[in-house]
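Colleague: So that we are looking at the same thing, I have put the structure below in structure tokens.
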Amino acid sequence: MDLQDRIIQHFNASIDAKVQASEVLSPYIELASQMMVQALVNDGKILSCGNGGSAADAQHFSSELLNRFERERPSLPALALTTDASTLTSIANDYDYSEVFSKQILALGHPGDILLAISTSGNSANVVRAIKAAHERDMQVIALTGRDGGSIASILAADDCEIRVPHKITARIQEVHLLVIHCLCDLIDHQLFGSNE
Ligand SMILES: O=C(CO)[C@@H](O)[C@H](O)[C@H](O)[C@H](O)COP(=O)(O)O
Ligand SMILES: [Zn+2]
């Protein structure tokens with residue numbers, strides 16, 4: 001197989017993953033957007049976290065809320081917990097890497113806020129602990145996962161929302177997660193500020 005064939009294979013696999021996911025995930029994405037809108041209308045904020053590519057996704061989401069997505073509208077309160085190197089390194093150094101998000105949530109999270117927790121495996125220890133910390137703060141959790149949902153699936157509360165991509169490959173799951181994030185941004189803007197068509 002030459003290199004261009006490999007590229008086309010990646011594109012086709014990504015398209016297939018998205019088509020399959022769209023059928024399964026639409027109701028969960030709708031619900032998650034409504035949970036986020038409810039939190040924002042009630043003066044809550046959205047905290048987000050994840051590792052590696054999912055850290056980038058957490059930041060991608062918070063910047064599109066805080067700055068803008070595709071239209072002019074007021075800034076919305078969102079904060080990625082993945083960006084403060086001093087906080088992250090000191091918690092990992094003094095305590096444990098598994099606490100880098102949970103400690104921030106215990107400090108910054110309030111009842112009515114939402115945690116967007118992102119993990120393709122559902123097994124990252126720091127994301128699992130972040131969800132437990134969010135529950136301690138009476139926050140609802142929206143979890144973007146993949147595979148079998150991992151440990152995260154078993155600790156979510158009845159009023160949380162899991163958006164689980166039906167795929168086994170990390171890259172494909174991440175590609176669907178980014179699309180889900182853009183859907184959430186669009187649905188939030190649409191519900192808060194009306195149609196832009
Ligand atoms: O982006 C990638 C792979 O595409 C990696 O950086 C990946 O995000 C990292 O290995 C993460 O640590 C995986 O964590 P998780 O998705 O299982 O929670
Ligand atoms: Zn974007």
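Backbone N, Cα and C atoms are what each Cβ position is placed from, and that goes for glycine too.
Straight out of TrEMBL:
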type    : residues                                                                         : note
BINDING : ASN51, GLY52, GLY53, GLU64, ASN93, ASP94, SER119, THR120, SER121, SER124, GLN174 : substrate binding site
BINDING : HIS60, GLU64, GLN174, HIS182                                                     : Zn(2+) binding site
DOMAIN  : 36-197                                                                           : domain 'SIS'
Colleague: Tell me whether GLY53 (substrate binding site) sits in a helix, a strand or coil according to DSSP.
Modeller: helix
Colleague: Can you grab the distance from ASN93 (substrate binding site) over to GLU64 (Zn(2+) binding site)? Cα atoms, rounded to a whole Å.
Modeller: 31
Colleague: Helix, strand or coil: which one is HIS182 (Zn(2+) binding site) in, per DSSP?
Modeller: helix
Colleague: Under a three-state reading of DSSP, tell me whether SER119 (substrate binding site) is helix, strand or coil.
Modeller: coil
Colleague: Where the criterion is a Cβ under 6 Å from an atom of ligand 1, which of the binding-site residues ASN51, GLY53, GLU64 meet it?
Modeller: ASN51, GLY53
Colleague: Can you check how the pLDDT averages out over the domain 'SIS' (36-197)?
Modeller: 97
